[in-house]
């Protein structure tokens, strides 16, 4: 009897092994076709017909193959066979997603997503006081107008016009899309749609929101102080009637103020910059002065940085075979590494622009290269990062470390000693904080709103609920009260209606957590030591970092992200402590200034 039970199981396990070997091989080949098509799209330009056709063919081939795997996948999961690695591979087989819908609904959901995305990207607005000139795009035309404008009526006009064209105009589409998303979740085996929303994190909806709530609660003290200071600046600029005390600040004015931090920042844009006399370093100018005036020179300087961390030096052929991207504008021109699954090559594409943003981006691109190579020992199904943007957090940790005044001074980019002193550091932390601290609550609201919709707590077009969340978590209000007669959610969804922002939040927080870990273990950071502040930490030439980093990256997605984190930073959960430590000098300064200026903190 015992033998009778064992033999069928052994036979089935053998079948599972064969199934996974073939699935990994087939997917590797198809993935390479997808990557090659995307590479051609990058090199030829986003409108190249041949590259777009190749991408469409590769995507169709992938979909058909995944459909063929589904019956076998269901059988193996039902029988609960296989060792831990095999079960993990089964879990990581991509699901059908929207393609689980029937033909008519599938066409509808893709049409809805495409229409809303096109509305965001391509909608044209009429110029202020020029109703016959309706040719303005949000980026770059309208963005440039409002950031330079001193006419408050003009700024308010574009705020309303944008929401009318992208929000209210797509209201019915948004509602229909969310209903189809709920059905997609059920067809993919998720009775609760909010669990499907966070599937890439391998956590349920309640668990993920609990983690995000903890992060937002940890951020809150810093955010409240920063918000109070920005509101005080806006009040100086626009008067107390428009920016009253103890109330959320007007979103349209705050967006312009904070949005300036994402441009080539000039100190004079900020009426309350911590130290106007110290100014802001011009890294772009210093790159050229130092002789790092070509992408090739930057490439090899950054390669030496990673070798100093104990990682292998990159081969010369990587640059010899590098190719320049087609785009040469700030928004689309970046350095990238292209990962293959079967081909024994690595493609590197680079942006010819040579400025601070592209310099820091080089650290992220080369970090991606090391990540891809470390994880290449895993089966195809387990090579990806544990959740989207996890690898991005590692790359951004190193680009963040590269902004240390001590490292930039070592590299010869900063020559004056003032950049190591607190006044100049506060200026840099202030601008960087505008980019980070104010963005996280916005991301949180966008996910929280859609999770509330998916769980049935609010209607998909409950505009008043959206503004309650926006005011509570971001401290921003519309110029005039918005009701359910309007609909503003799509106007803030950046590009895609089904983009999930939880992974962006976790990735942003993780980069600071990782930096704090490396700076602590190399004795570069001391919690109560101002000479060892986290923003001063320089981890270059700390060779002990490389080995542990390689071990963590080599795990790919073979284990849940908490296990990768344990290897990476010695703890299984993402926490906000690193971010708070990094911005602590700024936080202390904000508290002091808010008290000195009698600025109100918080809002009713």
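Every residue, even glycine, has its Cβ placed from backbone N, Cα and C.
Record features (TrEMBL):
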- 126-134: disulfide bond (DISULFID)
- 333-351: disulfide bond (DISULFID)
- 519-537: disulfide bond (DISULFID)
- 115: N-linked glycosylation site (CARBOHYD)
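Positions of the features from TrEMBL, shown on the structure.
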{"residue": "115", "record": "N-linked glycosylation site", "Cβ within 10 Å": "15"}
{"residue": "126", "record": "disulfide bond", "Cβ within 10 Å": "16"}
{"residue": "134", "record": "disulfide bond", "Cβ within 10 Å": "13"}
{"residue": "333", "record": "disulfide bond", "Cβ within 10 Å": "18"}
{"residue": "351", "record": "disulfide bond", "Cβ within 10 Å": "23"}
{"residue": "519", "record": "disulfide bond", "Cβ within 10 Å": "26"}
{"residue": "537", "record": "disulfide bond", "Cβ within 10 Å": "25"}
Among 115, 126, 134, 519, 537, these being the recorded positions, pick the one whose CA is nearest to that of residue 333 (disulfide bond).
115
Residue 134 (disulfide bond) versus recorded positions 115, 351, 519, 537 - nearest by Cα:
115
By CA distance, which of the recorded positions (115, 126, 519, 537) lies nearest to residue 351 (disulfide bond)?
537
Can you tell me how far the Cα of residue 115 (N-linked glycosylation site) sits from the Cα of residue 519 (disulfide bond), in Å?
46
Rounded to a whole number, how many Å is the Cα of residue 537 (disulfide bond) away from the Cα of residue 126 (disulfide bond)?
48
